[in-house]
């Protein structure tokens, strides 16, 4: 078995385990969902079959017993209870560990036996048999089946072993196998498969169950299945060893479905592709500038064609890297379920915006911060059922995880309907830890910021869940490393919402290029509402904040010249870019609007990484550098200033 084949098997098996976990949690909530049970059975059947083929025999055997329990649940002979779901979830976790080694240790095998014993106890079966005896269940009639098997010549090269398939057939009943060899006289290839098998199976089964044994090879192998008439079954003899090649039959080999083929590609290759696309965009911008300056018609035509092609290439490369954020939402259902049971709390976990797409680079680093936030909401945010009833709330609390788009960025919200943050308790703890002096007056937002300090915790006792002061500071550092920002909103007795604002990608965006003196800036185009001309005679407020009239109302506005302390005289008439935000519009005043610009986002160096109001930089067509503005942070800075001005 090649390392590449093993890696692919492990990756696909773990994807099936994620589906298994989701289905188990759904069935625990509502056991009547037949579709979930069928999906669960199919995923486990796939793991069992592919595990046997890849040499994971212990995993295949363990999965076989797991599948047997699901088969009984499908037939209605076993009731799907909360206890059964709990053990099956543990069994799913165990299969995940079995994927690490085809030959598990004695301790791991012993743990397998313990889990199987517990499963058998719950289903009332003292054996590890796959059979499910039930007089009320309809069984297929016992009969003989003729099965012809001709593997593809590339089977060995593709990593498919014939033995697990035959073993799967043998598990259905009594199997006799005759092997034939059809090697060519000339041109023998040692890596090709020339084997054929003619089998006679005596079993109480259906053709569909037999075909399930070939689920992984049905498209490539020639399979011929026919049932002997019951009255002549006893006269059927095993085929001779010299039987000729299996006949071709239109009914034996199904036409391959025309469907999209999926290719697994290392993310490093996608990163390199995106880097090349970024460099192409920069070269394209330089060519556009040269074409504009030269007034050469042919050069302009080539430049426009390159712009079109680079845009298509950019969009396709960008789409390849994008994944729905729901791909990590699923794993939190199990976390909430297990943690709520250990804390003795009742929780309804709600997710929204699973289809929201995010760059895989960002997505891969989001899981741990979100786990910390959800654990914190469960432990610190939500009250016990008794406390909630006393406060006039429903016994079950709610935790909501929501994803949405906001001004070209991704907004994540983790909210609960718990007790809210006790600001007085936070202040007392901060003073006790030396983070705050007596007499310091802080706003609620500043108090909430204290919970992200290293080592800070308001938990009265240390537990397995919290109390050590490790977690929230890690969350903040993780989000900031992704060029994101955290904010907290809390109401006493109503709950807490933690908002995370992240860039969709660290790659390429459409931007609006603006200038202040000789400095260039880029504003994400999706955040732009409108451009208006304003007079420079209006006085600025503190740090460049002022009010401008926009659609018959006063709108807070930042003058970039003052915000970034850019030298030079202001023009008589300035341009104000009206920005859309989730609250109210605000303006960014600049000297000049240059135009739309395809922006390759470059990370800032450590020295400039935390510059307020800046999310990155880009290289312009003339080789200069333009800062990419973080309009959401600038909006937050603009609004409080207008009241102080």
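Here the Cβ of each residue, glycine as well, is placed from N, Cα and C on the backbone.
Quantities reported herein were computed from a predicted structural model and do not represent experimental measurements.
Taken from TrEMBL, the feature compositional bias 'Polar residues' covers 242-252.
Look at TrEMBL and you will find 1-102 tagged as domain 'HPt'.
What TrEMBL records for 271-506 is domain 'Histidine kinase'.
The domain 'CheW-like' annotation in TrEMBL covers 508-640. Each residue in the domain 'CheW-like' (508-640) gets a DSSP state, and the totals come to 20 helix, 67 strand, 46 coil.
Counting every protein chain shown, the number of other Cβ atoms lying within 10 Å of the Cβ of residue 45 (phosphohistidine) is 21. Feature annotation from TrEMBL assigns phosphohistidine to 45.
Annotated region 'Disordered' per TrEMBL: 234-258, in sequence order.
Averaged across the domain 'HPt' (1-102), the predicted model reaches a pLDDT of 87. For the recorded site, residue 45 (phosphohistidine), the DSSP three-state label reads helix. For the domain 'HPt' (1-102), the number of residues in each DSSP class (helix H, G, I; strand E, B; coil) is 83 helix, 0 strand, 19 coil.
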